[in-house]
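Copied from Swiss-Prot, the annotated features are:
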type: BINDING; residues: Gly108, Ala109, His110, Gly111, Lys112, Thr113, Ser114; note: ATP binding site
Amino acid sequence: MTTYHFIGIKGTGMSALAQILHDSGEKVQGSDFEKRFFTQEALEQKNITILPFSKENIKEDYTIIAGNAFSDDHIEIQKAKELGCKFYRYHEFLGEWLKQYTSIAVTGAHGKTSTTGLLSHVLKSAYPISYLIGDGTGNGHVDSEYFVFEACEYRRHFLKYEPDYAIMTNIDFDHPDYFTSLDDVVDAFQSMADRVKKCIVACGDDEQLQGIHTKVPVIYYGFNDSNDFQAQNVVETANGTEFDVFVRNTYYDHFIIPTYGNHTVLNALAVIAICHYEGISVEHMKQLDTFEGVKRRFTEKEIGSQIVIDDYAHHPKEISVTIESARKKYPNKNVVAIFQPHTFTRTKTFLKEFADSLNEADNVYLCDIFKSAREDSGQLTINDLQKLIPNSQLLSLKETEVLQEFKDSVLIFMGAGDIQKFQAAYEETTTKSTNFQD
């Protein structure tokens, strides 16, 4: 039996792919930095071996899958090439693996992970499926017909895939360390659209997606009257959001989702549209109302009188919709944003936009810019962002207890770096504090 060795197995996509291969009966192991990462709990639950990096991990008969964060001079990659091992980058292997299924790619600048999770949740109520979610969740099944996966546009990696279907949630300028402009991003999505084999489900409210040319049918969804699938009569309740769906101007059915914000309605519409196209019953679609969410996307807990939320938001638009969701769910509470910018390039590119979106919160705390593996220095500091946000404060890891003063408030920890360690430090301090009252 082939042994699949994952270099960087704790990465969100890598962890998910390793779990899928394991569940499909393959022999899987991997290596990574020894620092604990939130993805490794699922790997440990499945008894997938995680080793520290060492060239001794690599054997001649192994198939090697390397995370995209690691360069060719990594000790394990060098060893694999010396031994002549079968070698793939993550996106290359995924592109080959999904060919054995009816594949559904979920792509877009924002909303990929939540929509992938939502679609997987609905489909698995109807069929045995495999799915790969960008929060590190992966599930395989030996009898899978469908393979649902998150497809990232960064460095045009999604052009290694030829999916049967694609959901396109939106197009926006991001990853400024790679893309040069919005037009460059649009070009990447156009190339992706050219690779889809059966049908594209796209948000018709997105101006850029309206301009995509395709050789396959396109189903549009959204709030506008021109869409094939339209949400109307949207009502927010204590338990979530309810709305009616019209298919080509004809009433279809009423749906409930346990989330808030127009972006979550759009995610649900995308799922409804592709399920309708595939002939899946409305009863299965209504599993939308039992969706419990994905990791690091509006993940909530209560601490005393506070609601503490962990969210991956790292783009100005994502920050805005996360704050919007908090206000809709908790209309009588103050919203406190605790934000850690991710990469110097993104922070510099969107400095004013970050300030504008964070100003939508009642109070703002800023953590130092996260230095990613792709860059470790920049010409600006967190102070440049602070200057644009009146009354904002800097937050250090040793002083998180200042957040205790916000009684009966919503605290949102946002970022794609290690913002979770700030939340963990706050929770630990609060647990020990005798002064923190409900």
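Each residue's number is its place along the chain shown, starting with 1.
The backbone N, Cα and C atoms fix where each Cβ goes, and this holds for glycine too.
Annotated features taken from Swiss-Prot, shown on the structure.
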residue : record           : Cβ neighbours (10 Å)
Gly108  : ATP binding site : 25
Ala109  : ATP binding site : 22
His110  : ATP binding site : 20
Gly111  : ATP binding site : 24
Lys112  : ATP binding site : 24
Thr113  : ATP binding site : 24
Ser114  : ATP binding site : 26
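Annotated ATP site Gly108, Ala109, His110, Gly111, Lys112, Thr113, Ser114; additional same-chain residues within 8 Å of its Cβ mean position, judged by their own Cβ, are Val106, Thr115, Thr169, Asn170, Asn267.
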